[in-house]
Amino acid sequence: MKLFLKKTLVFLFILLAAALLLDVIYTAIISQSSERNKVENVIHSKNKKFDVVFMGTSRANNHFVPEIFEKKGYKAFNYGMSGSHMFETALMLKLMMANNYKIKNLIMEADLSICNEKRDEGTTARFMPYIHGNEIIKNHYKNESDFYQIYYIPFYRYIKFDNKIGFREMYDVITKKPTNTLYNKGYYPLLSNRKGKMNNDISTLKPIRNKYYEEIKRICKQNNIKLTVVMTPMCENTKGLEYFEKVNELYPEIHNFENVVSDDKYFSSCGHLNDEGAKIYTNFIFNKFFDDSKSNTKI
Amino acid sequence: MFFNSLHFAAFLPIVFILYWFVFNKNKSWQNSILIVASYYFYACWDWRFLFLLVFSTLLDYFTGIMIEKNETISKRRFWFWLSIIVNLGFLGVFKYYNFFVTSFSDLLNGFGFKVNPLLIEVVLPVGISFYTFHGLSYVIDIYYKRIKAEYNFVDYSLFVSYFPLLVAGPIERATHLLPQVKVKREFSFEKAKEGVHQIIWGLVKKVVIADSCAMYANEVFNHQQDMNTLSLILGAVYFAFQIYGDFSGYSDIALGTSKLFGIDLLKNFNFPYFSRDIAEFWRRWHISLSSWFRDYLYIPLGGSKGGKWMQLRNTFIIFLVSGFWHGANWTFIAWGLINAIYFLPLLLLNKNRHNLEDIDFKWNAEGLKTIINIFLTFTITTFAWIFFRAKSITDAFAYIKNMFTNLKFDIQYLGNERYAPELLALVGVFIIFEWFHKYKNEPISGKYENVKLLFCIMAILALGVFSDYKEFIYFQF
């Protein structure tokens, strides 16, 4: 048995050594990259200045066209992230402020994401390589139930989020494989239009007082950022559209623009406008809140 | 609790310590702690089905004793059939009831009778097919006086519920396992070390090979209509390695875990994809099930004693039953039928007992013939797997049709952001690795074992699929 316990210790040592070695290698390689996604792009950039920044979930990423603002003379970028929740949006904003971003206007999509305070696993993965080197990220995840595993067990984070920051991602970083995340100033146009009638059911969603939304409001106030929060369109056949009114009751400052675009032909899926719809919607936002002359905003 | 979960990683060392350091006074203590651990292990799936496990254990324990105690044939027969009917009855209700009812109502609807079948909503108790077959083999062996009934309930309970084999086998025999649980186990360093290595290698097979292949195979099978010939061939090959890595990986972990407790389980896989004909494949694939069907179905039906036609009939019966054992779906029956058809020429030409010896590969004409035979056997096996994987017979035929009609061989980009052929390198390395260790239980032990251990651990950590978690396929059976 002694021999076996010795062998077990050797095994545990090999396991720990392998995990540590891999952790160091992965972190060193992945954290070198700055162009493959918006999270690393923000972490690696400093002192950026924007007239308008868009943030939110995929319903921001696919709905706000910065080019429309740029043409009118506003420096704009879409930092919306598909799949993300309010949890990650708040963290992104904190990282921007820490890296000395100067933002005049933040247009944030907050509708379906108001109903939860959970993290999104896919987006969370993007922050994980930096959790040891960045206090803001560390503190943001501190209250998560698996924080200790993620933070203290070597390589655990790469195992847990292996489909986003695993071997393939490391290989893609090494081979400098490009992504299209930062194309079109961060806007990702959806070009398809699904055939047939669209529908969706959001009747089970319930808006809550979202602490990350409150945090975003606080950050904007502290940094003199004009925050405009909007709801974005859903297709006509959505069951439970009264959800948007409930969000409005809870947060009257959130503009309900859910029905600004409603025809199915402007949608790629029920919750996502296609490129044509996104342009209509962005133009509407611009006309509603901004003047053609760069210097004045209506808000 | 899955073998590849953190839960199991914590559970196993605790049981190991209790077993060897606290409850090691005698075999009763050892068996008792293993039973408690096994029941906890099973309760982690669904505690309600513990009652089923207990009932099954009690049923076979008492019927076994009653068969032995009664000397009149009619009474022995009564207890024997009671056990068979109740065991198969449970299996039938949980696993096959809905299938039979739906199939029957479809048939009636086909004849113009409108029937609304009464279906039951019930979860299939995990491992029921395995522990039912355990119990059946025990009762059948007693009935035919091949073994004595076990009077020690604790020993018998462990035989049925021993956690390494409880949910997905190997399907043990009383003749093999019971003698081991009836004596106090002494710790063997070599056995325990081999056990750890086998667990590690099983994990490589599961999380590196099977789960990686699953990502590609699922994408191809789920979007078969958009796939070209190359992708469809690759999809089938990936599934072949998915199911092999998954099930043989599970078996390796089970065997390795059991070795830690000083108990040897039956070998379940013996490098089946290196088989030179389909008969050899079935001597190497899911050995414990194949031999179960041979001993408890094929031979009682007459085996090959009644001439060629009897042999053919019995072969078709065991393959159809074997297919049906896997699940209540026509796809599994078709898979069994296809394998029976593959067997046909070997039976007719009396070649089903060829290739009994290990592969002795040499770089000459004979070696080339061996490679060609292995390749052909793998090809037909993979073809049959299409039916096993497909959701329905229609899907399986559509898959095969697309394979022969979408005659394009360009590299396709799959929906999960992966190129179809990119996994071939990993599969290729795995095949080479297995080839060079094909005479061993696990490839880690031996020269440079710490280096090999390091590589395996690195492979599990770096190449394993964890976030896109997949259950072991055979848990559903």
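Glycine residues also receive a Cβ, built from the backbone N, Cα and C atoms like all the rest.
According to TrEMBL, the transmembrane segment annotation covers B:6-23 (among others). Within its own chain, the transmembrane segment (B:6-23) has Cβ neighbours under 8 Å at 29-30, 32-34, 37, 40-41, 44, 187, 257, 260-261, counting only residues six or more beyond its boundaries.
The transmembrane segment annotation in TrEMBL covers B:49-67 (among others).
Here TrEMBL flags B:79-98 (among others) as transmembrane segment.
Outside the transmembrane segment (B:118-140), and at least 6 residues removed from its termini, the chain residues within Cβ reach (under 8 Å) are 42, 45-46, 49, 52-53, 56-57, 59-60, 63-64, 67, 80, 83-84, 87-88, 90-91, 93-95, 97-98, 101-102, 147, 150, 159-161, 165-169, 171-174, 289, 292, 295-296, 325, 475-477. According to TrEMBL, the feature transmembrane segment maps to B:118-140 (among others).
Taken from TrEMBL, the feature transmembrane segment covers B:332-349 (among others). Counting same-chain residues at least six beyond the ends of the transmembrane segment (B:332-349), those with a Cβ under 8 angstroms from any Cβ of the stretch are 277-279, 282, 308, 311-312, 315-316, 319-326, 380, 383-385, 387-388, 393, 396.
Feature annotation from TrEMBL assigns transmembrane segment to B:370-388 (among others). Below 8 angstroms of C-beta separation, residues 236-237, 239-240, 243, 272-278, 280-281, 326, 331-332, 334-335, 338-339, 342, 359, 361, 396, 399-400 of the same chain, each at least six residues beyond the ends of the transmembrane segment (B:370-388), sit close to that stretch.
Annotation source TrEMBL lists transmembrane segment at B:419-436 (among others).
Here the transmembrane segment (B:448-467) has Cβ contacts under 8 Å with residues 197, 200-201, 203-204, 207-208, 211-212, 214-215, 426 of the same chain, all six or more residues outside its ends. For B:448-467 (among others), the entry in TrEMBL reads transmembrane segment.
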